[in-house]
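**Q** Sequence annotations record features per position, and here TrEMBL assigns coiled coil to A:270-297. According to TrEMBL, the domain 'Helicase ATP-binding' annotation covers A:292-459. What TrEMBL records for A:C522, A:C525, A:C562, A:C565 is Zn(2+) 1 binding site. Here TrEMBL flags A:C531, A:C534, A:C549, A:C552 as Zn(2+) 2 binding site.
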Amino acid sequence: MRYAQIVLPLNLKGSFTYKVPEELIPAIQPGMRVLVPFRGKKIYTGIVVELHDAEPESFVPREIISILDEFPILPKEQIDFWNWLSEYYLCNLGEIYRFAFPSSLKLESETYLKLKPNVTVDFENLDVNEMYLIQALEIRQLINLTDIEAFIPKKEIIKTINSLIDLQYIEIDEKISEKYKAKEIAYVKINEGLLNNQDLTEILSKLNKAPKQKDLFLHILDQQTENPTGFIKKSTLFEDGYFGNSHFKALVDKNLVEEYYLQKDRLESYEGETEDIEELSETQKQANKEIEEAFNHHKNVLLHGVTSSGKTHIYLEKIEECVNSGKNVLFLLPEISLTKQITQRLEKKYGKKLGFYHQKLTDFERVEVWRRIKNNDIQILIGTRNALFLPFQNIGLIVVDEEHDSAYKPREVSPYFNAKDAALVLAGFYGAKVILGSATPSVESYYLAQKNKLQYVSLNERFGKVKLPEYELINFKEAQESKKTSGNFSLRLLEEIKKTLEDKNQTMILHNRRGYANVVECESCGYVNYCSNCDVVMTYHKAANEMKCHYCGQRASKPKTCPKCHSENLNERGVGVEQIHEEVSKLFPDYEVDRMDVDSMRKKFAYEKLYEKIEEGETDIIVGTQMISKGLDFDHIELVGIPKADSLLYVQDFRAEERAYQLITQVSGRAGRVSGKGKVLIQTYNPDHSVFQLIKMNEVAKIYEYFLQERQKFHYPPFTKLIMIELKHRREDKVNRASQFLGSVLRKYLPEDCVLGPEKAQIAKLNNLYQFQILLKLPRGKNYEKFKNLVLISLNEFDNITAYQSIKKDVFVDF
DNA sequence: GACAGCTCCTGT
DNA sequence: CAGGAGCTGTCA
């Protein structure tokens, strides 16, 4: 095995061939990290994905510099998983590698400047910048390129460096810096020997002139005598703000106290008591048995459990079984803020054997989880989609909670994959089982269950036989005609809110639109405020008193007069959640009305504060966007109101109805969790719309039957496979031409009705990039592979056109 | 993805 | 004709 295929952390196709130096041949194994040179001197951390003896014919491979791991850091299953992802989602291995690894585990060399040895510099002939740089290099031997920006203007840097290299004064080198450092915690103690040799009164009298220092000294002494074997954390000294670091430093300088460091595991883990989980109800036992049977037949499970049916309870049971059989569990959540309940229950059971992994961890924290997973120190890992890439040793079960959630497949970060589908494949490589759980499964998963690819297990009653909420449709048009409305609310909905308030219960109002008004329009000339970066109207946010672009985040002040015709007749159109909140506050001035959306939750701990307020019953009405549909399980919410439910359907997306159903059902699930008397009032202009009618009937099978019929009729997934190709460029004409070309190439290989577009994207310009889209509708089944191959050929053909290389291309498989 | 080396345009 | 922006090709 003299050659290795190495994946580099760059967005490049495939892997690269390197020669394994003689002395490394016995040690090297697939899954290990190695240092390799790439392009001149630059050094990257690559992953060995394959070893072989086939000498490359067309080039002379370079040599691996060194091996970084004693044992493979990446299990075979993960390498298989990467290869699958790359093939299925048409993305590069390098992209996956970048996404999968914490950056401290893939060090790259940094470019440094240093003085050439033994040079004498003739300062006379240098300009100011050159002089600065030489002087800086004389003080510290190495300077990295970004540090130079601190004292030389950006534009001059290249010029300065080049001229000094020409003069033979400096040279460029590459160096790999160790980024990961174990976290050290500062502790303090009274200087050893001090107490034996010196009289305490003598010391204290020396400190008489510095009372604070004296206090601090006594404070430390106190703690140390009280608990001679304990450790005093330095940070605790400053907690109450009485002492400052200067006081402490003074004591160190006087040799009275000492500071020392100990390494600490960065990850806090639960230290409290552990306890067993409660017993299952009869219905749950039945579901549990069905899951067991499915697992015995090597089938994965779709657990469809209505809200509050106790899906978590069943997860816990299965997790327990899996851990008892000596295997580990991966528990996936769409976002980490939802962990609260499951965490609390698991912590009590598994204590230190529980781990977390999500996007909010720092890089060092990620490395520590990696290490613990690799050492098999974690039995249960709770995480978001990036946790799929941890180096699991013997995983036995993957739970995907809220499997329908779109956060499993964000469109913003590449590689674009659906964590739910990826989990099924990953589990296959490990021989593990999967439970997909949701109260509102995705149509795709439901279809798989129907086709018997997944075992369908249903929990159709709430825990403790609590009744599901009742739905009521309010015909808003009729209400308006008979003058039974006030603003955006029907009197019927207001009456129910009032009743709920009088019963000292809580109400939730869902309005899934951020801001106060969608558009600010000039009555006189029709001017509307567009974002300068995007082809999007800016939304008016009254609370922040500004206009915001919801796509690029751009802000602008709200115009007082029309910038075009200077008319003062500015009109606000389109209702946002802020406006609904304002309206409700005015209608119920004696009650506490709070708003929950990304804008009001931006401040630190805003979410936690509001959560607590609702839990304590201080909040009477919660007005919010889809954010309120997740994670807010409280006992006293009895009413859910959706004043403008139609807006949920008016979205140009074949999944709009499914999303609307899921959102309405999820919010509704918050109502009457304990009392069983929950009510959901839906105001709509179209009470006869199938989605609303089906929700009202609350017959799950019929709803999915309806969705599946619609999908089949219009040839959408799960009956076809969609691939969306998006092209972006600063110049519209260029990206337009490129997409026309790609469209024609695709049509050359694929049947005419498979290729839709190219078309301008719904948002024609985003962040100053013009976007065009091509949608491919491909048949599923055996032919899919064949067709996808043709897509791949087309994409390659496109990539080979050099003129289009500056165009950014994104491919979304299973769009 | 990153970077060197190239072309072509701008401006004095 | 320098200096820079943008394009192109290549890396093992």
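Cβ from N, Cα, C; glycine included.
TrEMBL annotations: computationally assigned, not manually curated.
Note that the structure is predicted; figures quoted are calculated from it, not measured.
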**Q** List the other residues in this chain whose Cβ sits within 8 Å of the Cβ centroid of the Zn(2+) 2 site residues A:C531, A:C534, A:C549, A:C552, in sequence order.
**A** A:S532, A:N533, A:V536, A:M538, A:H550, A:Y551, A:G553, A:Q554, A:L766, A:N767
**Q** Let me know the model's mean pLDDT on the domain 'Helicase ATP-binding' (A:292-459).
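**A** Mean pLDDT across the domain 'Helicase ATP-binding' (A:292-459) comes out at 93.
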**Q** Taking only same-chain residues 6+ apart in sequence, whose CB is under 8 Å from that of A:C525 (Zn(2+) 1 binding site), what do you get?
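**A** Once residues fewer than 6 apart are set aside, A:C525 (Zn(2+) 1 binding site) is near A:C562, A:K564, A:C565, A:S567.
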**Q** For A:C534 (Zn(2+) 2 binding site), what residues in its own chain, 6 or more apart in sequence, show a Cβ-Cβ distance under 8 Å?
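**A** Listed in sequence order: A:C549, A:Y551, A:C552, A:Q554, A:I763, A:K765, A:L766, A:N767, A:N768.
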**Q** Starting from the Zn(2+) 1 site formed by A:C522, A:C525, A:C562, A:C565, give every other residue of that chain whose CB sits within 8 Å of the mean position of their CB atoms, in sequence order.
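**A** Result: A:E523, A:S524, A:G526, A:Y527, A:P563, A:K564, A:H566, A:S567, A:N569.
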**Q** Using Cβ-Cβ distances, find the residues under 8 Å from A:C531 (Zn(2+) 2 binding site) that belong to the same chain and are at least 6 apart in sequence, listing them in sequence order.
**A** A:V537, A:M538, A:C549, A:Y551, A:C552, A:Q554
**Q** Including all protein chains shown, what's the count of other C-beta atoms within 10 A of the C-beta of A:C562 (Zn(2+) 1 binding site)?
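**A** I count 21 other Cβ atoms within 10 Å of it.
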**Q** Tell me, if you would, which residue among A:C552, A:C565 (binding-site residues) has the fewest other CB atoms within 10 Å in the structure shown?
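**A** It is A:C565 that, of the binding-site residues A:C552, A:C565, has the fewest other Cβ atoms within 10 Å.
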**Q** When DSSP states are folded down to helix, strand and coil, where does A:C522 (Zn(2+) 1 binding site) land?
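**A** Its secondary structure by DSSP: strand.
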**Q** Using Cβ atoms only, which residues of the same chain lie under 8 Å from A:C522 (Zn(2+) 1 binding site) while being at least 6 residues apart in sequence?
**A** A:V528, A:C562, A:K564, A:C565, A:S567, A:N569, A:L570, A:N571
